[in-house]
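Residues annotated as N-acetylalanine in Swiss-Prot: Ala2. Summarising the annotation, Swiss-Prot assigns phosphoserine to Ser9 and lists similarity to another entry as the type of evidence.
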Amino acid sequence: MADLEEQLSDEEKVRIAAKFIIHAPPGEFNEVFNDVRLLLNNDNLLREGAAHAFAQYNLDQFTPVKIEGYEDQVLITEHGDLGNGKFLDPKNRICFKFDHLRKEATDPRSCEVENAIESWRTSVETALRAYVKEHYPNGVCTVYGKKIDGQQTIIACIESHQFQAKNFWNGRWRSEWKFTITPSTTQVVGILKIQVHYYEDGNVQLVSHKDIQDSLTVSNEVQTAKEFIKIVEAAENEYQTAISENYQTMSDTTFKALRRQLPVTRTKIDWNKILSYKIGKEMQNA
């Protein structure tokens, strides 16, 4: 082990540390960071070399953050990344600094948004917030309106998590939906992600995702938002139902097959006659 450590350059050590951090399960960033910190034993090297991993983790996980002075949380995503550690809160029309290690928002300031698409963004956000409130008690959503390749685009992100460290499990739901505002009909593209980690008497992770495509009728802002939510609700319900059914099937078949049906003697023990067995007599005489 010592020889291997001597062969690793600082760059290689940081690269390995960054991979551990990026793949930290939901709700376990601090635990992984502290373990990596002990292994690397060089705080300056870790902070300077793995800073990109802290940022990538928060972007990938749709980390929610509370901004002082504002009621609703906002998600940290690539769509709100303004560069130089600043992010956009489209609902409140502010930008703020975000510390990826401490996961804290500071210095909120007013910020310009895409006014040409703001009425569409607001309508979708209003409908999505009502949907999230109904289906995800701990959920947070952020809706962006952006011009991408010359097309006015709506991007809706949802995050919901349950962190139960005392019960040895943590989990997170993420979904991202996009559509462009074009006459008549448009294509809705979504990706749904579930990640759960269970670590009592073992180490099991569920990592699943599903890509979605559907067509959306475009009319006025409010009606289009309603039709969009119908697509989101149907797809997310179907996905969650499928995950539950697959889990039950695995419990009844795959996991059951891993358990030994009979002892190595291929004979079941009749516990009512245990004293007549040799082992029973030995236990009685012990």
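Just so it is clear, glycine is given a Cβ too, placed from its N, Cα and C backbone atoms.
Counting every protein chain shown, the Cβ of Ser9 (phosphoserine) has 8 other Cβ atoms within 10 Å. In this structure, Ser9 (phosphoserine) belongs to neither helix nor strand by DSSP; it is coil.
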